[in-house]
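Asks: Pulled these features from Swiss-Prot for this protein:
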type	residues	note
SIGNAL	1-21	signal peptide
TOPO_DOM	22-227	topological domain 'Extracellular'
CARBOHYD	S23	O-linked glycosylation site
CARBOHYD	N129	N-linked glycosylation site
TRANSMEM	228-248	transmembrane segment
TOPO_DOM	249-657	topological domain 'Cytoplasmic'
MOD_RES	S272	phosphoserine
MOD_RES	S339	phosphoserine
DOMAIN	393-647	domain 'Tyrosine-protein phosphatase'
ACT_SITE	C588	active site, phosphocysteine intermediate
Amino acid sequence: MRRAVCFPALCLLLNLHAAGCFSGNNDHFLAINQKKSGKPVFIYKHSQDIEKSLDIAPQKIYRHSYHSSSEAQVSKRHQIVNSAFPRPAYDPSLNLLAMDGQDLEVENLPIPAANVIVVTLQMDVNKLNITLLRIFRQGVAAALGLLPQQVHINRLIGKKNSIELFVSPINRKTGISDALPSEEVLRSLNINVLHQSLSQFGITEVSPEKNVLQGQHEADKIWSKEGFYAVVIFLSIFVIIVTCLMILYRLKERFQLSLRQDKEKNQEIHLSPITLQPALSEAKTVHSMVQPEQAPKVLNVVVDPQGRGAPEIKATTATSVCPSPFKMKPIGLQERRGSNVSLTLDMSSLGNIEPFVSIPTPREKVAMEYLQSASRILTRSQLRDVVASSHLLQSEFMEIPMNFVDPKEIDIPRHGTKNRYKTILPNPLSRVCLRPKNVTDSLSTYINANYIRGYSGKEKAFIATQGPMINTVDDFWQMVWQEDSPVIVMITKLKEKNEKCVLYWPEKRGIYGKVEVLVISVNECDNYTIRNLVLKQGSHTQHVKHYWYTSWPDHKTPDSAQPLLQLMLDVEEDRLASQGRGPVVVHCSAGIGRTGCFIATSIGCQQLKEEGVVDALSIVCQLRMDRGGMVQTSEQYEFVHHALCLYESRLSAETVQ
């Protein structure tokens, strides 16, 4: 009876021990159970609930005391990869609630950003131990429907309080290249299962995001192949632009330097050194850099050796020398400063003397004699014949001296500021002088204009001047008022590639200095525009007719002389209607080319009408004596003959009628 009672009690005790229900140390039971099941045993009750909720296969999992049929089926289909995390050795003395070893679960691999998933928690990630990380891993695997071995915890991000993880295929070795794309993983994520399984972690966000290591790796890829090419291309373009700018700058400097050298070469006057000797020394010759011919006399400058006496100038005939080819006269310092010409002088042996002596050169004498005496009178038939021989007219034109003015011959300081072209200057003997604003201001009397003689040498029949500049418009209208000019003829556009003339008249009314200009009427003709103007100064008025001829083409002569001839006839009619008034003002840009053509044609037509013959050569020479360079080119010289021939045919037609 007693044995019968003890046997059931003994069996009960054995079953309880096998079930692990003793209150003592049950670590041996945990190890045996884990070995049989192949799964970690959850310490907490909610962890056991998580284990029950993990469904690897859609069928229900039936458990046995020693094996699991579902696990056997799964193992046949997919070979379970052992966890790569090292497990701590079994130590009975360790408390299961405090297993500290989170570094064993964190892989810290440089995973590409496209494969990383970041899970943000409410729980402090710094307090997660290996047990909680395993729970987290299994919960994520359950939400994804994957095995825990496929979920890898890569990093714990303390600043964001989040866990960085990635998922790998089960049949491949875990590695960076095997990680599944984060977007594909998130599409298969069951949010409800995730929150139910890991409610104690307080998951707030699941998103793909770059990790710090990957960000560093991508930052290191700034100098990638594409980036390197982009930088090289940018630097190449920059170098090319800088090089082009430097080349353009150098070309500009060279161009400006060549212009300065040309100007200096044109303006430079080389004067021979003057030999200074004591009073008793013998005379020495003076050599000029240009020697056209020999002269019978030479000048000696004799100076007191002490430099106290006045210089004595004597003429000797002992030696033949070549005088300077330039006409010189005594000039002072103020005059030299007013000129833009550089002088090269040998002043090494000079004392307190004035070394300049005015001597007309043979070349100047010959040029002036030619201008005064040249003549070729043409009858009407000869005029028609010579027009057909352009080469004869060109040869004749080339023999006419230009008679340009040397800047030193103008005794007005700073006169260059009122010249449109530095080499086109008014002849001093025929220059128009304005009434000065005050006695000491000599510049206010200057304007680049000359009186031009007309038919039969009539004085002041015309005024040839340059196109007004912005700073000479007042001077122009002062000249028109002062000379009481009835007609102004303008033969240029305002701009032909470069500025030729400024708009010096108003649209309706304008005041220029002391002269008020009113536009009364405007008449548009085929080739020119006529404006009737009224000039007022105080209580006095003057009527002026302004002709603006715009049909002259750039850099050549017109194809037909008819428009210019008609303009000349209209101006001549107005001039005759205003007898007793001043000269006709004619200007183009420089005041010598087209201006010379108009005046030469006007004089030649009067000569044809009065005498029946014409001397165009003499007319042009007379114009150049009054203003150098008039009728500037051989083409213009031919054009004058064409205009005269056309006028002659008109006269013949009128005679027949």
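Every residue, even glycine, has its Cβ placed from backbone N, Cα and C.
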Asks: Go through the chain and flag residues at least 6 beyond the ends of the transmembrane segment (228-248) whose CB is under 8 A from any CB in it; none is fine as an answer.
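Replies: Non-local partners: none at all.
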Asks: Would you find the one among the recorded positions N129, C588 whose Cβ has the most company, meaning other Cβ atoms within 10 Å?
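Replies: Buried the deepest by this measure is C588.
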Asks: Across the topological domain 'Extracellular' (22-227), what is the average pLDDT of the model, as a whole number?
Replies: 64
Asks: Provide, as an integer number of angstrom, the distance between the C-alpha atoms of N129 (N-linked glycosylation site) and C588 (active site, phosphocysteine intermediate).
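Replies: On Cα coordinates alone, these residues lie 102 Å apart.
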